[in-house]
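A.B. asks: Sharing the features that Swiss-Prot gives for it:
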BINDING   52, 54, 56, 63  Ca(2+) 1 binding site
BINDING   91, 93, 95, 97, 102  Ca(2+) 2 binding site
DOMAIN    39-74  domain 'EF-hand 1'
DOMAIN    78-109  domain 'EF-hand 2'
MOD_RES   2  N-acetylalanine
C-alpha cells in the first residue's frame, strides 16, 4: 500500500513544502495539512503501518527521523531536535517508541 492510497499527492506536497527548512517541522500542522487528522482510525492505522518500516509494531526514533521520506523520497530527514520533540509528544507511556494507539492519539491531538 502506498501513502497516496490514503492521502492526496497535492496535500502531501503542500505539507512537505511547509517544513522544508531545518527545525520547521510541526507534527500538528503537518498532520492537518496532509489530511491525516480527518482520516478514520483504520486509515490512520494503515499510515502507521507504512511508517513502521521494520514492522515491529512501533515507530522508533530512527524511523521518526525518516518520517518525511515516507511521504516523498526527496524530503529531508528530521533534525535531532525535531525527532526528539516528535517522539516526546507521541510516546505517552515512556517506552522510547510510538505504538499504534499512541500514534492515533497524536494525529487526533
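Placement of Cβ uses the backbone N, Cα and C atoms for every residue, glycine included.
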A.B. asks: Please report the distance from the Cα of residue 95 (Ca(2+) 2 binding site) to the Cα of residue 56 (Ca(2+) 1 binding site), rounded to the nearest angstrom.
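C.D. replies: With the alpha carbons as reference points, the distance is 14 Å.
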A.B. asks: If I take the Cα of residue 54 (Ca(2+) 1 binding site) as reference, which of the recorded positions 2, 97, 102 has the closest Cα?
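C.D. replies: Considering only the listed recorded positions, the nearest one is 97.
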A.B. asks: Centre the Cβ atoms of 91, 93, 95, 97, 102, go out 8 Å, and tell me which other residues of that chain have a Cβ in range of the Ca(2+) 2 site.
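C.D. replies: Apart from the listed residues, the neighbours are 58, 90, 92, 94, 96, 98, 99.
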A.B. asks: Per-residue pLDDT averaged over the domain 'EF-hand 2' (78-109) comes to what?
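C.D. replies: Looking only at the domain 'EF-hand 2' (78-109), pLDDT averages out to 97.
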A.B. asks: Determine the Cβ neighbour count for residue 52 (Ca(2+) 1 binding site): the number of other Cβ atoms within 10 Å of its Cβ.
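C.D. replies: Other Cβ atoms within 10 Å of residue 52 (Ca(2+) 1 binding site): 20.
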A.B. asks: In angstrom units, rounded to an integer, how far apart are the Cα atoms of residue 52 (Ca(2+) 1 binding site) and residue 97 (Ca(2+) 2 binding site)?
C.D. replies: 11
A.B. asks: Roughly how many Å separate the Cα of residue 97 (Ca(2+) 2 binding site) from that of residue 63 (Ca(2+) 1 binding site), to the nearest whole number?
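C.D. replies: Cα-Cα, rounded: 10 Å.
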